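**Student:** I'd like to ask some things about the structure below.
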Amino acid sequence: MKSLVLGLLVGSAIASGPLQHVLHAPPEPEPEPEPEPQVVKDPFEELRDTFDRLRNKAGDIWDDVMDNIPNIISNIRPPTIPPKKFTRLPDSEWTHIVRGADLEALWVDDESGYKHRKVDGKLAQYDLRIRAVDPSNLGIDNVKQYSGYLDDNLNDKHLFYWFFESRNDPDGDPVMLWLNGGPGCSSLTGMFFELGPSSITEDIKVKYNPYSWNSNSSIIFLDQPVNVGFSYSSQPVSDTVAAAKDIYALLTLFFTQFPQYSTQDFHIAGESYAGHYIPVIASEIMHHKDRNINLQSVMIGNGLTDPYTQYPLYRPMACGEGGYPNVLDSETCRSMDKALPRCLSMIKSCYDVESTFTCLPASIYCNNALIGPYQSTGRNPYDVRIDCKGNGLCYPQLNYITDYLNQPYVMKSLGVEVDSYESCNMDINRNFLLHGDWMKPYHRLVPYLLAQMPVLIYAGDADFICNWLGNKAWTEALEYPGHTKYAQSPMENLTMVNSEGINEIFGEVKSHSNLTFMRIFKAGHMTPFDTPQASLEFANSWLSGEWSEV
């Protein structure tokens, strides 16, 4: 799943609460203030005090804020995140260990006799630890499974992954990497909540998922960046780019240990803030000429990729122009329209400079002005049709997943080295925000990818936070050689035979010049959760190359 938007009203968010995610519940009512003891000033207190005034008069006072913000931002020091407690398992506990140094030392001759390294990249600092998971221990699926850690020994980073073979034809079916967003949310929530082999029930039992995406593909679920889910590190992570080299190393070492998968088609898929991650990761892979990763396409669901083009569509989606009744009243909608020009000017400054100084203010102002009004209603930001349920992320099922994964026998079966699991790490979310990553223009990498592979952007049409209007708009605005033909292409029906044997229209699609956009009807932010059969239908069609042009 994954994305959150915690704490969009800046005053309280920066100082004490989770900042923005692309997935987040409405803020809890603030308790009555109590007398505070004299303590050392919080490093964010000055920033909080300045931005507190934005709550009701963001537009009127922003010029004053901008007069003061340079010194404030320059003095920001993100909070020190205490490292997770962990117990490193001995090497004897692992089925395989792949040493990056051994792979980096391998040289081969090409047809002309030129000697070069077998695979590109700096790999010596990495090891991949692999454990064969006994399917009968957990009952998640009866297919072959592996779990383990990618270790960056130089930087003390340890990324957890869990691999499931295809239920159909593991020797011939494609392989997929799945990433959730946040930033800071575990991909195991996507696995159990959306598209993995099983879900977790209210009584913390495993329930088989007949619509799992591993029905016709093998899948790696990866907890990244570090300190997300079962991953851990003593080092903080604060931007999208940092993880790309780690993921390249993980895939390279994994396919070295399991060469049978390396020749099969490989795809990267994810949702929400993975709209930032995936263009960077895919570009990193494709920049390595000698690689054992057969990357064929990328898939981004309800993603945040081009804020400048996507943010103008928050008001239409909240105000009844996205195919569902309005959530906000007309006065609030007009106030969002008035705030938009300033928001776009600030995002443009972020795009022009790509610095914390320009990108952080854009995140704060735009999220308060264009997302904050919706957040205050109590409506589910991931599904405009329903109210937010329970605490945290609006879906009680996520608590079931956390309870299941924190059971000692589960952690032991997987070789987990940390002492607990949490679905989303708000410290990471805050760090990404404070370093300006939220508003950066990662869509600029997509044309490079389109020249080499198909790209799918899909969106459940009931989502607010990364809505279909914005995702359709940015694909149509994207500057690449196929822009005109793609933008002019009509939307066509997506159909399937449903479980009752009836031919059903479940969405719309447009595709040209390697770029495809899908609108999935009756689905929210987590499309496979709301429409499991339809999601498996379009995923299988995509993986089979139905819209490929390269």
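Glycine residues also receive a Cβ, built from the backbone N, Cα and C atoms like all the rest.
Remember, predicted model here, so these are calculated numbers, not experimental data.
Among the features that Swiss-Prot reports, active site is placed at S272, D463, H525, with the record citing sequence analysis. For C185-C424, C319-C333, C343-C366, C350-C359, C388-C394, the entry in Swiss-Prot reads disulfide bond, with the evidence type similarity to another entry. Annotated N-linked glycosylation site per Swiss-Prot: N216, N493, N514, in sequence order. What Swiss-Prot lists as signal peptide is 1-18.
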**Student:** Whole-number answer please: how many Å between the C-alpha atoms of C388 (disulfide bond) and H525 (active site)?
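**Tutor:** Answer for this pair: 13 Å between alpha carbons.
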**Student:** State the three-class DSSP label for C343 (disulfide bond), counting H, G and I as helix, E and B as strand, and everything else as coil.
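**Tutor:** For C343 (disulfide bond) - judged by DSSP and reduced to three states - the answer is helix.
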**Student:** Counting all other Cβ atoms within 10 Å across every protein chain shown, which of the disulfide-bonded residues C319, C333, C366 scores highest?
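**Tutor:** Output for this query is C366.
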**Student:** Have a look around C185 (disulfide bond) and count the other CB atoms within 10 A of its CB, chains all included.
**Tutor:** 34
**Student:** Which residue among the disulfide-bonded residues C343, C350, C388, C394, C424 has the fewest other Cβ atoms within 10 Å of its Cβ, if you could check?
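**Tutor:** It is C388 that, of the disulfide-bonded residues C343, C350, C388, C394, C424, has the fewest other Cβ atoms within 10 Å.
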**Student:** Measure from the CA atom of C359 (disulfide bond) to the CA atom of C185 (disulfide bond) and give the result in Å, rounded to a whole number.
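**Tutor:** With distance taken Cα to Cα, C359 (disulfide bond) is 22 Å from C185 (disulfide bond).
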**Student:** On a count of neighbouring CB atoms within 10 A, which of the glycosylation sites N493, N514 is highest?
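**Tutor:** In terms of Cβ crowding, the pick is N514.
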**Student:** Where the distance is taken from Cα to Cα, which of the recorded positions N216, C350, N493, H525 turns out closest to D463 (active site)?
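**Tutor:** For D463 (active site), the spatially nearest of the recorded positions is H525.
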**Student:** Counting distance between Cα atoms, which of the recorded positions S272, C319, C366 is nearest N216 (N-linked glycosylation site)?
**Tutor:** S272
**Student:** Give the distance between the Cα atoms of C319 (disulfide bond) and C394 (disulfide bond), rounded to the nearest whole Å.
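**Tutor:** Here the two Cα atoms are 21 Å apart.
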**Student:** What is the number of other Cβ atoms found within 10 Å of the Cβ of D463 (active site)?
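**Tutor:** Around D463 (active site), other Cβ atoms within 10 Å: 33.
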